[in-house]
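*Asks:* Sharing a structure, written as structure tokens. Questions coming.
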Amino acid sequence: MTQKLTVAVLGGGSFGTAIANIIAENGVRTFLWMRDSASATETQSTRENRRYLPGQRLADGLEVTSDLTRAVSDSDLVFVSIPSHSFRAVTRQIAPLLRKEAMVISTAKGIEPEGFTLMSQVLEQELPDHAIGVLSGPNFAKEIVARQQTGTVVASESEALIQQVQSCLRSETFRVYANPDRYGVELGGALKNIYAIVCGMAAALGAGHNTQAMLLTRSLAEMGRFAAAMGANPMTFLGLAGVGDLILTCTSDLSRNYRVGYALGQGQPLEEVIQGLGQVAEGVNTLRQVKQKADELGVYMPLVSGLFAVLFEGEAIADVARKLMLGEQNHDVEYMGAD
Ligand SMILES: NC(=O)C1=CN([C@@H]2O[C@H](COP(=O)(O)OP(=O)(O)OC[C@H]3O[C@@H](n4cnc5c(N)ncnc54)[C@H](O)[C@@H]3O)[C@@H](O)[C@H]2O)C=CC1
Ligand SMILES: O=C(CO)COP(=O)(O)O
């Protein structure tokens with residue numbers, strides 16, 4: 001554990017709060033920044049994030065603030081836990097406030113529409129002089145704060161960043177693996193959200209274990225095919241940030257994306273589902289980006305196309321499922337790269 005570090009976590013939603021809490025519990029000076037000052041004051045005084053992690057007492061040492069300058073100006077490490085739709089705006093706000101040596105880590109699992117940009121690429125563009133990295137893995141915030149044993153991955157080209165992140169986060173219940181493949185780790189975390197929607201939808205329609213196993217495995221094949229077409233290493237998807245996170249979110253209603261799929265499977269309209277969620281489900285937007293990119297690159301992604309048809313083209317789920325099962329026979333081949 002590193003005593004001398006100062007760390008800021010930006011974003012007072014469920015994941016930002018969980019990450020900040022682990023670091024503060026490790027005895028590191030930690031700020032949690034929330035943009036809403038009333039929420040920050042309430043969380044700081046009650047020691048509980050009532051909206052996102054109710055019932056969880058936060059570490060005494062954690063300072064919750066809505067003062068962005070106070071949070072980042074002294075910090076050695078800055079974690080950005082802001083959903084992808086607002087990630088760049090917040091990154092721009094911190095650019096003039098950061099220490100020269102500060103290292104910045106994204107925890108967001110989304111894709112910016114312009115240029116198919118992943119969040120650490122946004123960091124790269126907006127903060128070109130800083131070491132940057134990604135934290136991703138099968139990590140429900142709720143289970144992290146409940147001290148369930150959890151593994152995650154930090155990915156960066158900077159060995160110093162990897163070591164600092166490992167040293168401030170590692171604990172008896174949180175293990176942090178290192179991976180040099182930043183792009184692959186980040187892409188896996190974004191892609192799996194699409195398949196969590198698919199699996200939630202299938203569950204609502206009564207899918208059994210056979211169906212669930214087929215969906216999970218074919219999702220991984222699709223992810224690998226897309227990764228290869230994007231020039232990424234599909235082997236990274238065999239780790240925690242790939243298949244690990246895929247299994248987690250495709251099998252649990254703790255996943256917001258899975259819950260979106262489940263509600264859609266029950267016949268609720270998409271807009272209503274999103275409004276009722278009250279939290280971010282990155283998969284809906286990621287689906288749009290990945291469908292467009294897959295079409296551009298000519299990558300065969302039947303689950304992506306099928307989900308897109310249901311969400312945005314008014315196709316009935318039963319019709320899409322039938323087409324998926326009876327898809328072109330020349331695609332009924334199972335090995336990576338050939339199918
Ligand atoms: N919740 C989880 O278990 C995990 C979430 N993630 C990822 O972390 C990212 C954040 O997710 P959550 O914390 O779960 O989301 P959330 O929906 O719980 O909270 C989002 C937070 O971001 C804040 N926010 C939104 N726009 C903002 C802006 N313009 N300026 C300042 N703050 C803003 C909201 O006020 C809220 O506090 C997402 O990309 C998600 O995929 C990653 C791992 C696990
Ligand atoms: O990424 C997550 C866990 O690893 C959280 O998934 P959801 O965003 O679907 O809740």
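Cβ atoms here come from the backbone N, Cα and C positions, even for glycine.
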*Asks:* Ser14, Phe15, Arg35, Tyr52, Lys109, Arg256, Val280, Glu282 bind NADPH according to TrEMBL; which of Ala141, Ala227, Ala228, Ala309 goes with them?
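*Replies:* The candidate from Ala141, Ala227, Ala228, Ala309 that TrEMBL ties to NADPH along with Ser14, Phe15, Arg35, Tyr52, Lys109, Arg256, Val280, Glu282 is Ala141.
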*Asks:* Pick from Lys192, Lys291, Lys293: which one does TrEMBL list with Lys109, Gly137, Asp245, Ser255, Arg256, Asn257 for the same sn-glycerol 3-phosphate site?
*Replies:* Lys192
*Asks:* Tell me which binding-site residues (Gly13, Arg256, Asn257) have a Cβ under 6 A from ligand 1; sequence order is fine.
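*Replies:* Among the binding-site residues listed, those whose Cβ sits under 6 Å from ligand 1 are Gly13.
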*Asks:* Would you mind pulling the DSSP three-state label for Gly11 (NAD(+) binding site)?
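*Replies:* DSSP call for Gly11 (NAD(+) binding site): coil, neither helix nor strand.
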*Asks:* Provide, as an integer number of angstrom, the distance between the C-alpha atoms of Gly11 (NAD(+) binding site) and Ser255 (sn-glycerol 3-phosphate binding site).
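*Replies:* For Gly11 (NAD(+) binding site) versus Ser255 (sn-glycerol 3-phosphate binding site), the Cα atoms are 19 Å apart.
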*Asks:* What does the structure give for the C-alpha distance between Asn257 (sn-glycerol 3-phosphate binding site) and Gly16 (NAD(+) binding site)? Integer Å is fine.
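*Replies:* Their Cα atoms are separated by 18 Å.
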*Asks:* Which has the fewest other CB atoms in a 10 Å radius around its CB: Lys109, Lys192, Arg256, the listed binding-site residues?
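*Replies:* Fewest other Cβ atoms within 10 Å, among the binding-site residues Lys109, Lys192, Arg256, is found for Arg256.
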*Asks:* For Lys192 (sn-glycerol 3-phosphate binding site), identify the closest of the binding-site residues Gly13, Ser14, Phe15, Gly16, Arg256, judging by Cα separation.
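*Replies:* Going through Gly13, Ser14, Phe15, Gly16, Arg256 one by one, the closest to Lys192 (sn-glycerol 3-phosphate binding site) is Arg256.
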*Asks:* On the Cα atoms of Lys109, Gly137, Lys192, Asp245, Ser255, Arg256, Asn257, which are listed as binding sn-glycerol 3-phosphate, what is the maximum pairwise distance in Å?
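*Replies:* Maximum Cα-Cα distance: 15 Å.
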